[in-house]
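According to TrEMBL, the protein carries these features:
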| type | residues | note |
| --- | --- | --- |
| DOMAIN | 20-145 | domain 'Acyl-coenzyme A oxidase N-terminal' |
| DOMAIN | 148-257 | domain 'Acyl-CoA oxidase/dehydrogenase middle' |
| BINDING | 151, 190 | FAD binding site |
| DOMAIN | 287-448 | domain 'Acyl-CoA oxidase C-alpha1' |
| ACT_SITE | 433 | active site, proton acceptor |
| DOMAIN | 483-665 | domain 'Acyl-CoA oxidase C-terminal' |
């Protein structure tokens, strides 16, 4: 039976000037990947064992975990089937464990995700061939379940501050693991609470009484048969959180826990039986794993904004309120310019982040290939870029989801809108895989260093080459408001923010302060410089990627993509107007023109807004929002969700007779 589409939503689709499916193919990564994604959705979303009869918001914490374990095992069984048929690939794991399909199946996270996402890849990346032979078959078959335990209660992003100790005992050829303080307890690893029985544990390594640095160890934490914690292991779950409530994140402490010598992962560094330490050939290689995750997070941010803007845009087409002309009926709220300003730039950001995500992913793969051949020159550049982009896109994604929620009024506050879950997941990224301010400071240290090189005439690597130009020209000329001009202006402003950070650091050093103290005193300037550097890269990459894409698609889609690009760049410029006015001689007329162009972009995108979010190709089960359903029957869906509340299963709750009625009758 066909579902009747809300007429307002259908009207929006009828007036679109391009075919959404053409955009969908690009968004999904090409025709082949698009077909693979559709096949995965068919396989998993239609499995009755992976559907929720009761919304999980009504479950207790314990019920939610048990529900998640049942479903995660079913997902793992199906992954095993796919792998046995030789049909698995990286995209399969991305979609099911970290991507949008995975969040549709387990809204609050998968307690087995870190087994596949961190435990297995760490063994592959840091284990010797013998260790891989020993552990990978068990891990792939899930005869053991692992997690990755690095962060501690007292230290996260600052890895050198980790306190867990691994002391080598050459007499028994064992490592002895201890958690000397409460702050040294491992804290946050997904699945650690009750799910995993093994963990890769990152600890401070000591041999022959000397500190050697951080090292990873494979540690069994629970019995393989009974699942009881092993002697010396203090383990449990950390409790409920803002989001990721079913990930089963845990704590872990050690008291004289002994593990064999070969349980240290020794691909990059070794401990010999007599306790001799063989250090890694190059410590800079430790950038690799964290860079990989941060690069992936750029694409995740794009998906978070795609979901949020899809909900907000479709709802804005269906919701009618507040007459613009008192003589006319209530309009679609999308007709209000202020509503367009809330929603449309988020659509543009989703697309720009997606294009940038693909760009930086390709850059990462190129530089990784160079590293494998021994060329490490561009590794610091990649590290710096991945740090600041992770910080910027995660902050923008969290803010964007919240803006979209607010654009839906009170209804956006309901769980059934899916905004609470979307926001929780988005804002979590601001602190995991490196807290955002720390990420910006890491980038800033690199920027200050290369600025000094530019002053000495050194030709800089591509992503910071704009600093060479700024050092030469000193002032910005010919701002004509074009998209190319806005990108050049972003780079000029970023270069000057880096200059200020560099000069103030130099001032502090001349006053006698050391580099670390100077960096702390100039922390505001440093983070601002890194933020502008990242935004300059986003602007430049957006101009290049979307212009290139526009040359490869139909004229109709190309025209819409150019509106998207212009909207993003003009909006980004106006949001940093103070910095632009500080370093560039903009006139009142220049600013007025930018403001009018922003409004014009909103007007031009208006007929294609719904078609654009349709082009994201997000299945209703994945969107999971009563406000954002494809058919637009919002109010019907909201009622259906409201009726699922356990409180609606009986006309009178027992609390009335037990508490309320006696209170109401007390004074009669």
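Please read every residue number as a count from 1 along the shown chain.
Here the Cβ of each residue, glycine as well, is placed from N, Cα and C on the backbone.
Because the structure is a prediction, the values reported are computed rather than measured.
A map of TrEMBL features onto the structure.
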residue: 151; record: FAD binding site; CB count, 10 Å: 18
residue: 190; record: FAD binding site; CB count, 10 Å: 26
residue: 433; record: active site, proton acceptor; CB count, 10 Å: 20
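In the domain 'Acyl-CoA oxidase/dehydrogenase middle' (148-257), the DSSP tally of helix, strand and coil residues is 6 helix, 49 strand, 55 coil. Recorded residues residue 190 (FAD binding site) and residue 433 (active site, proton acceptor) have their alpha carbons 13 Å apart, per Cα-Cα distance. Taken together, the residues of the domain 'Acyl-CoA oxidase C-alpha1' (287-448) have an average pLDDT of 92.
Distance between Cα atoms for residue 433 (active site, proton acceptor) and residue 151 (FAD binding site): 10 Å, as a whole number. DSSP assignment over the domain 'Acyl-coenzyme A oxidase N-terminal' (20-145) gives 94 helix, 0 strand, 32 coil.
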